[in-house]
Amino acid sequence: MPLWAGYLLVCGFGIMFSIITSIMVKLEQTYGGLVLSSENFNTAGRNIKTGLTASVIVSQWTWAATLLQSSNQASQYGIAGPFWYAAGATIQILLFGILAIEIKKKAPNMHTFLEMVDIRWGKAAHLTFLFFGISTNLIVTGMLLQGGSAVMTACSGMHPVAANFLIPLGVVLYTWFGGLKATFLASYIHTAVIMICLVVFITYVYAVPGDYECDALNGLCTSGYKSAECTEDHTKQCEALGSAAILWERLAFLTALPRMGADCVPLAPSGREGFEVSLSVSAG
């Protein structure tokens, strides 16, 4: 990607989301009875439906490490890598869902969880959780900016400092115009873009032909059979061993078992007619 394309991507997406969300908020203000006030700015009118809430959770839970580190885990451990990487977040999502429902029932007019802490446990606990809340926001924001700038720097050569300043600019713009409702609408669009990209990448990995006359997934299985040094007289034996290697490689890819290789090599004649196969196994 050329440098100008990187700047166009970062600035263009920010401007596009700002325009789209501003138009949607304006339409809701004109035809949906939305009243722009500080309360609606901070709470989105307290009328966010289930579908929009779910999309926002997916969008805001998709951190930089969600896609970058899960891909790294897949390259090292197969499909099981990103599966178990994501499994750790399921407990948090389940607990958060239950907690959010209970808070909504017992404190429907609350703005932040810190208000509940202040009322229930006092000022000391409120200040403690305020410190942890601000620290978490700063750490997560820094991680997202660093992850996004690293991607843009690697793809287009954009300076990381410029990327760190330009990436949040669009978020600031549409949040300034539409408040929390605009961020929810932008998160909905983000989720749609993420899902489209995932469908494209998954289709490419599993269906597009690779370099070894098979698709990208089956390309993992060629090492055992391609490295076989077999003569024409013992083709069946070598094909049998190659099939075993293929099955093992697929099993290792799907279950994250230790990677193992199989080589079909003819051994020195042992005084009897036939063919001996040595199976070399090495933990990856």
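Sequential numbering from 1, following the chain as shown.
Just so it is clear, glycine is given a Cβ too, placed from its N, Cα and C backbone atoms.
Taken from TrEMBL, the feature transmembrane segment covers 6-25, 83-103, 124-145, 157-177, 184-207.
Here the transmembrane segment (157-177) lies next to the transmembrane segment (6-25) in space: the count of CB pairs under 8 Å, restricted to residues six or more apart, reaches at least 3. Sequence-distant contacts of the transmembrane segment (184-207), counting only residues of its own chain at least 6 positions beyond either end whose CB sits under 8 Å from a CB of the stretch, comprise 17, 20-21, 24-25, 44, 48, 52, 55-56, 58-60, 62, 171, 174, 178, 215-217.
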